Amino acid sequence: MAATSEKQNTTKPPPSPSPLRNSKFCQPNMRILISGGAGFIGSHLVDKLMENEKNEVVVADNYFTGSKENLKKWIGHPRFELIRHDVTEPLLIEVDRIYHLACPASPIFYKYNPVKTIKTNVIGTLNMLGLAKRVGARILLTSTSEVYGDPLIHPQPESYWGNVNPIGVRSCYDEGKRVAETLMFDYHRQHGIEIRIARIFNTYGPRMNIDDGRVVSNFIAQALRGEALTVQKPGTQTRSFCYVSDMVDGLIRLMEGNDTGPINIGNPGEFTMVELAETVKELINPSIEIKMVENTPDDPRQRKPDISKAKEVLGWEPKVKLREGLPLMEEDFRLRLNVPRN
């Protein structure tokens, strides 16, 4: 009996890739799956990975928040494949790497369909881990700074366990990601799966959904439309904003590095919501007003990543400052909103 128990607790070596991947009929390319690859961050990750001619990229997306428009320049490319697929259903495919990004990341979307959100986080992650186990792929999960909840430690290191409301309106996302991290480590310990976990902080840039309720996209859209910038009270709550190209660089470094994580990927530059609104106003439309509105439940008072581990382990830190990134996002929003420059 003791021998059986000991056997069950033994960590298994990583599974071998399918023999078909090493056959003489296969190209020696790296075949990479991105779940949620038609979304904001996912599509930028596709762009970066496609720069390497040894990469074949497969995107699986159900277009709940993503858009085929984000990938239009790659459709028809011989190294690119797009599959309409919901990760809550199993996917049978041969790959070497899995970037698991699929999940609504905006409060508007995940509050609209909280059950779908937690199913994506839990069942979707189980399916991606099952795929990784079958084919011997390395898998990276994009977790979130939301696992820290309304933090009592500032800035937040990876060792902080968080302060999360498990039954609040945001918990489908916050707790869903915490469960996803648990599943990743359980598959790693029990089945030897190669895992990587990134805790990503607020990210902004071109291709964000215009009306997704996130603060940077809200402010830029309002400024371009000539509307008042609506700051949720009290306005002193803080966030740290990472430009999407820096985020993608961090994710790729983590995937190809040797550390399982979790590792914070974010920009430690911290701004209050009033400071962000004033910056957007100054850069885009100085004539508009800033208006205070009621806040939503469980909104964290402060959020700033401790990126010491990312610097040490990945040699990564963000390069794009907020004042450099906002105009790039403004240009994208101008085109999509049909707002000409004066």
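The backbone N, Cα and C atoms fix where each Cβ goes, and this holds for glycine too.
Feature annotation from Swiss-Prot assigns active site, proton acceptor to TYR173. Taken from Swiss-Prot, the feature NAD(+) binding site applies to 61-86, 173-177, ARG214. Taken from Swiss-Prot, the feature substrate binding site covers ARG170, ASN202, 215-219, 232-239, 299-303, and the record attributes it to similarity to another entry. What Swiss-Prot lists as compositional bias 'Polar residues' is 1-11. Swiss-Prot lists 1-22 with the feature region 'Disordered'.
A map of Swiss-Prot features onto the structure.
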residue	record	Cβ neighbours (10 Å)
GLU69	NAD(+) binding site	10
LYS73	NAD(+) binding site	12
HIS77	NAD(+) binding site	13
ARG170	substrate binding site	23
VAL216	substrate binding site	21
PHE219	substrate binding site	25
PRO234	substrate binding site	12
GLN237	substrate binding site	19
ASP299	substrate binding site	13
GLN302	substrate binding site	19
Close in space, distant in sequence - ASP61 (NAD(+) binding site), Cβ under 8 Å, 6 or more apart: SER35, GLY36, GLY37, ALA38, GLY39, GLY42, LEU82, ILE83, ARG84, HIS85, ALA102
Rounded distance in angstrom between the Cα atoms of THR65 (NAD(+) binding site) and PHE219 (substrate binding site): 20
Tertiary neighbours of TYR173 (active site, proton acceptor) (same chain, Cβ under 8 Å, six or more apart): CYS103, PRO104, ALA105, PRO107, TYR110, THR117, ILE118, ASN121, THR144, GLU146
HIS85 (NAD(+) binding site), number of other Cβ atoms within 10 Å: 18
Spatial neighbours, same chain, of GLU175 (NAD(+) binding site) - Cβ under 8 Å, 6+ residues apart: ILE118, VAL164, PRO166
Proximal residue to PHE219 (substrate binding site) among binding-site residues GLU69, LYS73, HIS77, GLU81 (C-alpha distance): GLU69
GLU81 (NAD(+) binding site) to VAL216 (substrate binding site) - Cα separation in whole Å: 31
Separation of alpha carbons, VAL216 (substrate binding site) and GLU69 (NAD(+) binding site) (Å): 21
Between LYS73 (NAD(+) binding site) and GLN237 (substrate binding site): CA-CA distance (Å): 39
Neighbour tally for GLU81 (NAD(+) binding site), based on other Cβ positions within 10 Å of its Cβ: 16
For TYR173 (active site, proton acceptor), the three-state class that DSSP assigns: helix
